């Protein structure tokens, strides 16, 4: 009889890289980073498709006869907008003659505003004021501020009011021989023979607690009044000074102008200018007192429920070629905390006409069709990686990646993996070992780690005996990683406390502080991932060792009396009794069917943070199955000795 010795052959060479882990090491033919850097996409997006609403005009109006060529959004996104061609929130607030008057109202956690262009210099609205841009800026700023604190908002287009009997509604030549719907202009006829100066006007209006189905906790009201250069310009008959003042129910002045105590401008001119201040007022009854000749009466408001903090996105709204625009929307958003501004980089070039259907704007708003993990001033991200190459500019909400250098992200083994025995003394040793301490044993094992992300933790052995990770080992591993993470976070908190001392009212200092805090978070997370990587490598190593032990046991069982295991991973076989086909059956069975080993694991690592939080709070969670694939033997290298 001719006896030969068949062993599993060691296959490591200089092309392999060594990966040290907690509880075991690996040699691997390849390696990859635990996460890749992501790049934000420019433009707007939302965190949740079911909780946002838009307010727009013809560029989001699905009922426009030229839709979809006239639109800057998809049909799906247009359904989310409250829009009417020719409309704008400010037009509906003031109601200038001949302009679209649309009842804007709706509810959403995230509000997207793409409107404003219909009240711009091109509209040439006068009504005692040729340039309304500063009023528009103040109006839009207040809208964005209140919208960010409310779930629902609505135009209230008819306030209850009481006006004095001696006044009548009036029109103005410089307002298309009409006047604004809000404020309404009332005048008092003065009979010089009886009463030269007339009577002081006293009027009342009520801000409701509810308008239709919309609750009103706060109203945005336009407090409008005339500005005169001098008393003589106001009243050439020598009557008293001009005043128009709003009082709350307690008699406190909340808005207006009183030239009895405030000086006139002192400029030269004989035509008054109308000024409108934006007031945030609670529901209730208010009084208006004015000098006899004119009364400007609030008739409308925007109502907000103030029920929850939310997100606001404002989209730059400008005309195309040949029409003059303003940039009040841009300036209002930039001066409102938490408002994200979407801006074009090129002139507006429409498809339907010069002013409707711009390709760049369509690209910037295409993200509204999707849900993002993070939205920011820098753009939106829907990839799961926690890292981006550049710092995302605030405001930002959701699970936002942190800035990191690619080389700082830990690498994990990939491709062909070879385990070493490791040093975790709490791991049960296989009854029949095919490896010695720090030896390399291989049956050409291949493990695939699929999806973007990392394979994860092996949380325990399926066998009560044999190799693998014991409960005690896993507990000790997680105790170690937990302690190390707490140390990292404690160090981060100490650094943040030191930075707190540097906070000032200077905006740049606050921005610098925010950046430093994010950098500290990024460094802490990278440290945490380093610990996770070490535990991951160790547990994969132990799992592979168990797989090899199972392979050796399977070979011994298949061989029966035909082969005798003389040492770990080596068998003596009688060549005359077991020919080549017999040996192939024993040693090469895996070419037709892989050896069942470790099942898929629930081990995906994800970053957790509170939605709508400025920045990302760091927390690690093990979530859905990611698929450390079952180990399949791809081939056994056999060495034979006689």
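Think of each number as a place in line: the chain as shown, counted from 1.
Heads up, the Cβ atoms here are built off N, Cα and C, so glycines get one too.
Since the structure is predicted, the reported quantities are computational estimates derived from the model, not experimental observations.
DSSP assigns residue 58 (active site, nucleophile) to a helix. Taken from Swiss-Prot, the feature active site, nucleophile covers 58.
Taken from Swiss-Prot, the feature active site, charge relay system covers 353 (among others), and the record attributes it to similarity to another entry. Here residue 353 (active site, charge relay system) comes close to 66, 70, 320: these same-chain residues lie at least six apart in sequence, with C-beta atoms under 8 angstroms from its C-beta.
The Cβ neighbour count for residue 356 (active site, charge relay system), using a 10 Å radius over every protein chain in view, is 22. The active site, charge relay system annotation in Swiss-Prot covers 356 (among others), and the record cites similarity to another entry as its basis.
Around residue 152 (disulfide bond), the same-chain residues at least 6 positions away in sequence with a Cβ under 8 Å from its Cβ are 105, 106, 107, 214, 215, 304, 305, 307. Sequence annotations record features per position, and here Swiss-Prot assigns disulfide bond to 107-152 (among others).
Classification of residue 127 (disulfide bond) by DSSP places it in coil, neither helical nor stranded. Among the features that Swiss-Prot reports, disulfide bond is placed at 127-175 (among others), with the record citing similarity to another entry.
The secondary structure of residue 239 (disulfide bond), as reduced to three states from DSSP, is coil rather than helix or strand. Annotated disulfide bond per Swiss-Prot: 197-239 (among others), in sequence order.
Counting every protein chain shown, 27 other Cβ atoms lie within 10 Å of the Cβ of residue 303 (disulfide bond). Taken from Swiss-Prot, the feature disulfide bond covers 216-303 (among others).
Cβ-based neighbour count (10 Å, all protein chains) for residue 224 (disulfide bond) stands at 27. Per Swiss-Prot, the feature disulfide bond maps to 224-276 (among others); the stated evidence is similarity to another entry.
Of all Cβ atoms in the protein chains displayed, 24 besides its own lie within 10 Å of the Cβ of residue 333 (disulfide bond). Secondary structure at residue 333 (disulfide bond), as computed by DSSP, is helix. The disulfide bond feature in Swiss-Prot is assigned to 333-339 (among others).
For 13 (among others), the entry in Swiss-Prot reads N-linked glycosylation site, with the evidence type sequence analysis.
All protein chains included, residue 48 (N-linked glycosylation site) registers 13 other Cβ atoms within 10 Å of its own Cβ. The N-linked glycosylation site annotation in Swiss-Prot covers 48 (among others).
The N-linked glycosylation site annotation in Swiss-Prot covers 131 (among others). Counted within 10 Å of its Cβ, the other Cβ atoms near residue 131 (N-linked glycosylation site) come to 12, all protein chains included.
Other C-beta atoms found within 10 angstroms of the C-beta of residue 382 (N-linked glycosylation site) number 16, with every protein chain shown included. For the recorded site, residue 382 (N-linked glycosylation site), the DSSP three-state label reads coil. The annotation N-linked glycosylation site is assigned in Swiss-Prot to 382 (among others).
Among the features that Swiss-Prot reports, region 'Fusion domain-1' is placed at 2-27. Within the model, the region 'Fusion domain-1' (2-27) carries an average pLDDT of 73.
Mapped onto DSSP helix, strand and coil, the region 'Esterase domain-1' (28-138) counts 25 helix, 25 strand, 61 coil. Annotation comment: Swiss-Prot describes 28-138 as region 'Esterase domain-1'.
Marked as region 'N-acetyl-9-O-acetylneuraminic acid binding' by Swiss-Prot: 138-297.
Cβ-based neighbour count (10 Å, all protein chains) for residue 58 (active site, nucleophile) stands at 24.
Residue 333 (disulfide bond) is 20 Å away from residue 131 (N-linked glycosylation site) when you measure Cα to Cα.
Considering only the disulfide-bonded residues 276, 303, 333, the residue whose Cα is spatially closest to the Cα of residue 356 (active site, charge relay system) is 333. Annotation note: residue 356 (active site, charge relay system) sits in a strand segment as assigned by DSSP. Within the same chain, residues at least 6 positions away in sequence whose Cβ sits under 8 Å from that of residue 339 (disulfide bond) are 144, 148, 312, 313, 314, 332, 333, 395. Of all Cβ atoms in the protein chains displayed, 17 besides its own lie within 10 Å of the Cβ of residue 107 (disulfide bond).
Per Cα geometry, 175 is the residue among the recorded positions 48, 58, 175, 382 nearest to residue 276 (disulfide bond).
In the three-state DSSP assignment, the secondary structure recorded for residue 197 (disulfide bond) is coil.
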